[in-house]
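> So that we are looking at the same thing, I have put the structure below in structure tokens.
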Amino acid sequence: MAVMAPRTLLLLLSGALALTQTWAGSHSMRYFFTSVSRPGRGEPRFIAVGYVDDTQFVRFDSDAASQRMEPRAPWIEQEGPEYWDQETRNVKAQSQTDRVDLGTLRGYYNQSEAGSHTIQIMYGCDVGSDGRFLRGYRQDAYDGKDYIALNEDLRSWTAADMAAQITKRKWEAAHEAEQLRAYLDGTCVEWLRRYLENGKETLQRTDPPKTHMTHHPISDHEATLRCWALGFYPAEITLTWQRDGEDQTQDTELVETRPAGDGTFQKWAAVVVPSGEEQRYTCHVQHEGLPKPLTLRWELSSQPTIPIVGIIAGLVLLGAVITGAVVAAVMWRRKSSDRKGGSYTQAASSDSAQGSDVSLTACKV
């Protein structure tokens, strides 16, 4: 497998960016690559997306007409043409690495050429509120299952099966972890700092959730109480239910946090309660944008029982809007890359034309 794919893996920027402020909480930058083979229909489809925290800022799709890495956030558009040229070269190189890796992995698993197969890769870094490196990661998957992952020490690998052991031995012999570590705690961090500064108006904002509760009768004896949090940023939020002060985690239906399509997020948590006992239940909301946690209780006189078909439909639509990003994110691991070369492709130091991603062009899987 190749080591970080070009554009989508932060390339470089050796020049240190002076940090002039402290950020609230930690921040992350992640790249996701997905390659899907299409037997009889030409080259595999390759999709790359980059995220800073919960914001997608770049995207590449080999099926798109432009055949270019494209901006997905206003603050990244200020990067010059050299940056976009480099980013495009990087992802195209990664797509070719994955193309070869798909064939290699098919051989490892003794699979025929008839079926479609998928390679997924995720890598990136986190920084603390002071802008310093916290952790780095690299995870690869094949056909939706873990394949190989960089351990927390950034010096060793964990292989998921016998086939992945082959890749592990290759990468160990080529010292791939050392090269990747240099990128993760160096180049990746510098680019993340740069992006946080350039996009601070959106990336460092906190939008508190708008909350309310809805009541949905199930029968004469039971009803569902649903606690809603809408329009918040960043995505991290906690919704919990209590009955007479006791946690109801076991009985809570909790959906994953969902993008709202406007840069904010939505989430709800629900419990089924005996009719007439609604006021014994409270919903507790914690979010970075709130000065203190909120407590909500159903008040029969304050709002009527309402249907939520419209709200649910809206959430479904929002989910569809970001399907493209999810496709890449679903790849949450995998990167059986096969590249030619021996180390990450890094452009000249402090050259902003370089991408923030890295080129995984070294070892083959």
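Glycine is no exception: its Cβ is also placed from the backbone N, Cα and C atoms.
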> From Ser35, Ser66, Ser156, Ser343, pick the one Swiss-Prot annotates as phosphoserine?
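Among Ser35, Ser66, Ser156, Ser343, the one Swiss-Prot marks as phosphoserine is Ser343.
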> Can you dig through Swiss-Prot and tell me which residue of Ser37, Ser112, Ser302, Ser359 is labelled phosphoserine?
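Checked Swiss-Prot: the phosphoserine annotation sits on Ser359.
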> Please name the cysteine among Cys125, Cys227 that Swiss-Prot pairs with Cys188 through a disulfide bond.
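Matching partner in the record: Cys125.
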> Among Tyr108, Tyr344, which is annotated phosphotyrosine in Swiss-Prot?
Tyr344
> Out of Ser26, Ser129, Ser275, Ser350, which residue gets the phosphoserine annotation in Swiss-Prot?
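So the answer, going by Swiss-Prot, is Ser350.
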> Quiz question: given the recorded positions Asn110, Ser356, which has the greatest number of C-beta atoms lying within 10 angstroms of its own C-beta?
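Of the recorded positions Asn110, Ser356, the most buried by Cβ count within 10 Å is Ser356.
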> Limited to the topological domain 'Extracellular' (25-308), I'd like the whole-number average of pLDDT.
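Residues in the topological domain 'Extracellular' (25-308) carry a mean pLDDT of 94 in this prediction.
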> Helix, strand or coil by DSSP: which one applies to Tyr83 (sulfotyrosine)?
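It is helical.
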> Which whole-number value in Å describes the distance between the Cα atoms of Asn110 (N-linked glycosylation site) and Ser356 (phosphoserine)?
36
> So, three-state DSSP: helix, strand or coil for Ser356 (phosphoserine)?
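Ser356 (phosphoserine) sits in a strand per DSSP.
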> Which residue counts does DSSP yield for the region 'Alpha-3' (207-298) in the helix, strand and coil classes, in that order?
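Secondary-structure breakdown of the region 'Alpha-3' (207-298): 6 helix, 55 strand, 31 coil.
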> Could you state the whole-number distance in Å separating the C-alpha atoms of Ser356 (phosphoserine) and Tyr83 (sulfotyrosine)?
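Between the Cα atoms of Ser356 (phosphoserine) and Tyr83 (sulfotyrosine), the distance comes to 9 Å.
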